[in-house]
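Asker: Sharing a structure below in structure tokens format, with a few things to ask.
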């Protein structure tokens, strides 16, 4: 039993000191830890060139694990609710317990001027200097520094809460916003290189980018970036700051949000690798009512601590807090001490090097209790926070010793290569894509790539940007399918590095052959007309400066509804017709040909010989509605035909291909023109209908693609494509769920920004499990989460239709209570989620879980009209 007296230990003796900093403060006994100067350790950091003090900080954090944990706060000296106490900068922690936090947190928002000590009225240089000054002050007080990064949305220009735009895909190398992202990193690097101590040495900072990535509230969250994209943007960020900008005073922290359901795989899902991370952390906040939260913290801390030990990393509680605390009405007045008692109850969970809570931005969200506030006096959590401070387990500023005096050397980095783009599970949608690979710590002889099972290796060349690159044009036989992409690096010492990823090809149109009539018409043949009374003659001509097939026709009469001009394609043997699933061409016909029939129109057809079955365009085009061009005084209507060859068996058996231009109601004798006959392999497997949420047919039969599209939440669940339980098509969704410590589980699909304002119902097919749990159908629209709760009391498969007016705002979204899913909100639909919750009165744990399965299909927004 501690006597709550603080013992200050020097290297030679223990001196007991009593301090009278505040009438309610008592000092407590805390043992100093930290490596004595002169001892050397070998450590494996993300930056092998990390500065001496940065290496020392890592050693110090590692040394205190299991003995103490550093208390930290975001904006500890910027945002203060207490009356100022004593000398030095104001701080709620200082006013509360007479000591500053051991860890001081800021965010890159300060560099942008959106948070203190920055200001939107400052220049970037002034904001940088202000942050440097504040951090230097905290460092001089003995503090440890950390920097998080709530980055702007580089696509829309809005803030980090704007989740639209699939931002990560745009800022990765090759993305159209990559330069803007680099410019943002330049500001971070500029700050880091200006942050120096009195001797001109760079001060260490724990840098924590892209945190809570498994949630859905930031644009880098799970619904808006695949795990592979997240891994690559994290790696890029480290490589750019470290290797390009020369920042060597950062430790890099990785911090997804809790829970992880006791699964290493859940925590490591987006882990960028040991070469890029120094600190394994997690973020979670208490709501004041769920006592199971403390158990989850222990489970998560234990899991992360063991992972950190296995990887030689530091484990930390990178963000924690009691959410929604106000001046009065605090439900749990023992939060701080309950939390550290829970953490200390397990030897692994106790090994969190630090725990950082959030800023006291206002009285509506208090994370450190204030003392002697001018408005409210002392906060009701203050006594518990004082006891938290007194506990020997917690370290504050005065407890820090030898943080930056530990001796350590970094181990030599091993050769490493990773494919930067495309990322794994990505769908290639352009005819040519650039393959990029980063090679580190290897004396390279050559770098190559290969596709699928092919043994052919194609060379990649080193570009100025530091990547080995090559352009790849996927072949038509891969369109709509998945394939493996392999990159190999051969070193001069005969060693080889290799990475293989799976990518999918979904190119809208791959051109297999184009007949453009630049030099003649020998690639087409006149196959006649129908009706036989019509006549046609082919010749080469120029319309303007462009060569075209000229067809002189006779005897087109407006009373005929089928006026077919047949065009054979005799010279296409080099094209594999099984890959041709679309034919397109352009035609020009005088507008005057429709003078006798206002409904005169054109459509087109194609035949795959020896079959005589016709594939036709979906709808005729009226001549009067066509775009026009005037050549030589004649006004022509331009018609572009696109014919889908939808029968796989006929394509497989095809020996030839012909096309036809078909008029209806035309009265004409004279020339018309055809050009740009295109044989195409088209990928049509994904719906472009904004009203279709998911029919589960667009994942090419791949569960990996499905799981890349949906992000899980809460307790564990597994989604997969199911061929037996479905409404139509080949697949439905199997939702295999578990209810345990969180009491809910679900998945979310990012919809971007869709306009459903012309719809008024959500429709989907459901096969319930009869277990009477709470099914939640959630639609996020106009930044509001709307919910509906279909029944799971029976097992009868059925269609469910939910009028938009029956959706209600989620109970936790109190700031939007009472809003409706009306036409205004429905004009911006952002996400769709399916959750299953434990009903009121039921509770489950990891040792007593509930498991079941439901099936869903055909989710779409419809109109009752």
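Cβ from N, Cα, C; glycine included.
The following feature annotations were taken from TrEMBL:
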ACT_SITE  212  active site, proton donor
ACT_SITE  319  active site, nucleophile
DOMAIN    52-398  domain 'GH26'
SIGNAL    1-26  signal peptide
Asker: The residue listed as 'active site, nucleophile' has how many other Cβ neighbours within 10 Å of its own Cβ?
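Answerer: For the residue listed as 'active site, nucleophile', the count of other Cβ atoms within 10 Å is 24.
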Asker: When the pLDDT values for the domain 'GH26' (52-398) are averaged, what is the result?
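Answerer: Taking every residue in the domain 'GH26' (52-398) and averaging pLDDT yields 98.
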Asker: Pop the Cα-Cα gap between the residue listed as 'active site, nucleophile' and residue 212 (active site, proton donor) into the table, whole Å please.
Answerer: 10
Asker: Would you mind pulling the DSSP three-state label for residue 319 (active site, nucleophile)?
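Answerer: Where residue 319 (active site, nucleophile) sits, the three-state DSSP reduction gives strand.
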